[in-house]
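Right, one structure below, let's go through it.
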Amino acid sequence: MEVCYQLPVLPLDRQIPKHVLSRRGAISFSSSSSLFGGPDPRKLSQRRGAISYDSSDQTALYIRMLGDVRVRRQVGFEPERRGSHPYLNVDFRILHSQADGPGPASSRNIRRLLSFQRYQHSSRLCRGLPDHNPLPILDQDYTGQAKCMLEKVGGWKFDIFLFDRLTNGNSLVSLTFHLINQYGLIQLFQLDMVKLRRFLVMVQEDYRSQNPYHNAVHAADVTQAMYCYLQEPKLAQSLTSCDILLGLLAAVTHDLDHPGVNQPFLIKTNHHLAALYRNTSVLENHHWRSAVGLLRESGLFSHLPSEDRLNMEGQLGSLILATDISRQNDYLCRFRSHLDREDLCMGNASHRHFLLQMALKCADICNPCRPWELSKKWSEKVTAEFFRQGDIEKKLKLEVSPLCDSRLNSVANIQIGFMTFVVEPLFTEWNRFSDTRLSQSMLGHLAQNKACWKGVLQEQAQGTEEQDTDSKTLPQGSRES
C-alpha cells in the first residue's frame with residue numbers, strides 16, 4: 001500500500017535558519033541537494049510512507065528520521081505485523097490479556113513512537129485540522145537528560161530503565177542509532193540514515209511490549225552490554241568495522257518477535273515454528289529470520305553487492321543462534337578449550353566471530369552481573385514471564401515447565417540456580433579471556449547479588465517455619481481454652 005503525505009513547507013520568502021541544518025535528527029531535502037551520497041530526493045516519494053516531493057518547490061523540506069514511520073502507523077492504517085505468525089492450537093490472547101490501555105492500538109503506537117509535541121502535531125494533520133502552532137522544525141532526537149546518559153553509555157551501571165523513560169519508550173532506537181553513529185559505521189558502510197532509522201523503529205515495534213522480560217528494553221540492555229564488551233582492549237584492538245556492525249545488529253535483534261514462552265512450550269503445543277525448524281533452536285531461528293526480513297524490507301543493505309549482503313545475513317544468524325541456552329555447554333567447552341590451549345588468534349576471522357558469539361552470550365545473560373537494583377528488577381521480570389507461561393500451561397492442562405510453577409518456585413531460588421549453573425561458569429571463562437576492570441566488576445556484582453538472593457531465601461524459609469509453628473500451636477491453644 002503506497003501512502004504519500006505532504007508535509008507543510010516553509011514560505012518561499014522565509015530564510016532557512018542556520019541552526020536548523022545543524023540539528024541532529026533533521027534532514028533537509030531540496031531539488032538541488034543530495035546528502036551523504038544518498039539517493040535522489042525525488043526517489044523518496046516511491047518509499048512506503050515517504051513524503052511527496054514537488055520538483056518546483058525550491059524550499060527545503062525538513063523531515064525527521066521517524067517521518068516515514070509516522071505515516072505508516074496512522075489511525076485507520078494498521079499493516080499486518082511483520083515476523084508475527086498465528087499460533088496453532090493455543091489462544092495466545094491469554095498471554096496478553098492485560099492491555100496497555102483503552103483506545104485503538106495504532107494510537108498507542110503513535111504515542112509510543114513520538115514525543116508529546118510531535119504526537120499533537122501529527123494527530124491534527126491526520127484528522128485534517130489546520131495546525132494553529134506549526135512546528136517548522138521537528139523535535140531533536142534526544143532530550144537533554146537522555147543525551148547526557150548517552151555520554152556514559154559505556155558504563156556498566158547504565159540504567160536502561162531510566163533511559164527508556166527519558167526517550168519515551170524509544171530506548172532501543174535511540175541507543176542503537178547513537179552507537180552506530182559513534183562508531184562511524186554510517187559513513188563507512190554508506191548507510192542511508194532514513195533506512196537505518198526505519199529499520200530500527202520496525203525492530204522496536206516487533207518486540208512485544210506485553211512481555212515482562214523479552215521486550216525492546218531487554219534488547220536495548222543487551223545492546224548496551226555488547227557495546228561494553230566491544231570496548232574491551234582485546235576486542236577493540238582487533239575487531240573490524242564489519243565485526244562491530246554485526247555484533248551490534250545481533251544484539252539488537254537477538255530476541256526479535258519473542259512470544260514470551262520457551263521452546264518446549266512451542267513444541268508441546270504443536271506450534272508451526274517448531275515444525276518449521278524441526279524442534280531445533282526454534283526461537284533463535286525465528287529471531288534470525290525475522291531480522292533478515294526487516295533488513296530486506298527496510299533496504300538497509302540494498303546498496304551492497306548481493307554476495308556481501310547474504311554473507312552478512314548468514315553471520316548475523318550465526319551470532320543469534322549462539323544465544324540458544326540449550327547449547328550453552330557446547331560453546332562453553334569450546335571457549336574453555338581455546339583458553340587452555342591459548343590458541344585464540346585475533347587475526348583469524350573465524351576466531352573473532354567466535355568471540356563475538358561469546359560476547360553476545362554474555363550480554364544476553366549479564367543481568368545477574370549488574371548492580372543489585374538493576375539485577376533485582378530484571379530477575380523479577382524474567383520470573384514473572386516464567387510464571388505467566390506456567391499459568392497458561394495450567395489453563396491448557398499441560399505439564400508445567402520447570403521453573404514456571406509459581407507454587408514451587410520463587411525469584412530467589414530461580415536466580416541462585418541460574419547464577420550457579422549458567423552465569424558463573426560463563427563469566428569465569430570470560431574473565432580468563434579478558435581480565436579487566438569490567439570483568440572483575442561483573443564477577444563482584446555476581447557474588448554480591450547471589451549473596452543477596454540467598455539472604456532473601458533464608459528470610460522466606462524463616463517466615464515459612466514461623467507460619468508452620470503458628471499453625472501447629474493455634475489449635476492446641478484453642479483446645480486448652
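Counting starts with 1 at the first residue shown.
Here the Cβ of each residue, glycine as well, is placed from N, Cα and C on the backbone.
Taken from TrEMBL, the feature domain 'PDEase' covers 138-460.
The feature AMP binding site is assigned by TrEMBL to H214, N215, A216, V217, H218, D255, D364, Q415. Long-range Cβ neighbours of N215 (AMP binding site) (same chain, at least 6 residues apart, Cβ-Cβ under 8 Å): Y207, R208, S209, H258.
According to TrEMBL, the feature active site, proton donor maps to H214. Packing around H214 (AMP binding site) is summarised by its Cβ count: 24 other Cβ atoms lie within 10 angstroms of its Cβ, all protein chains included.
Marked as Zn(2+) 1 binding site by TrEMBL: H218, H254, D255, D364. Counting only same-chain residues six or more apart in sequence, the Cβ atoms lying under 8 angstroms from the Cβ of H218 (AMP binding site) belong to Y207, D255, W378.
According to TrEMBL, the feature Zn(2+) 2 binding site maps to D255.
The annotation region 'Disordered' is assigned in TrEMBL to 459-481.
If you look up TrEMBL, you'll see 472-481 marked as compositional bias 'Polar residues'.
Highest Cβ count within 10 Å among the binding-site residues V217, D364, Q415: Q415. Note: H254 (Zn(2+) 1 binding site) has non-local neighbours A219, V222, H287, L319, I320, T323, L360, D364, i.e. same-chain residues 6+ apart with C-beta under 8 A of its own C-beta. In sequence order, H214, A219, V222, A251, H258, T323 are the same-chain residues whose CB sits within 8 A of the CB centroid of H218, H254, D255, D364, the residues recorded for Zn(2+) 1 being left out. For A216 (AMP binding site), the number of other Cβ atoms no farther than 10 Å from its own Cβ, over all displayed protein chains, is 25.
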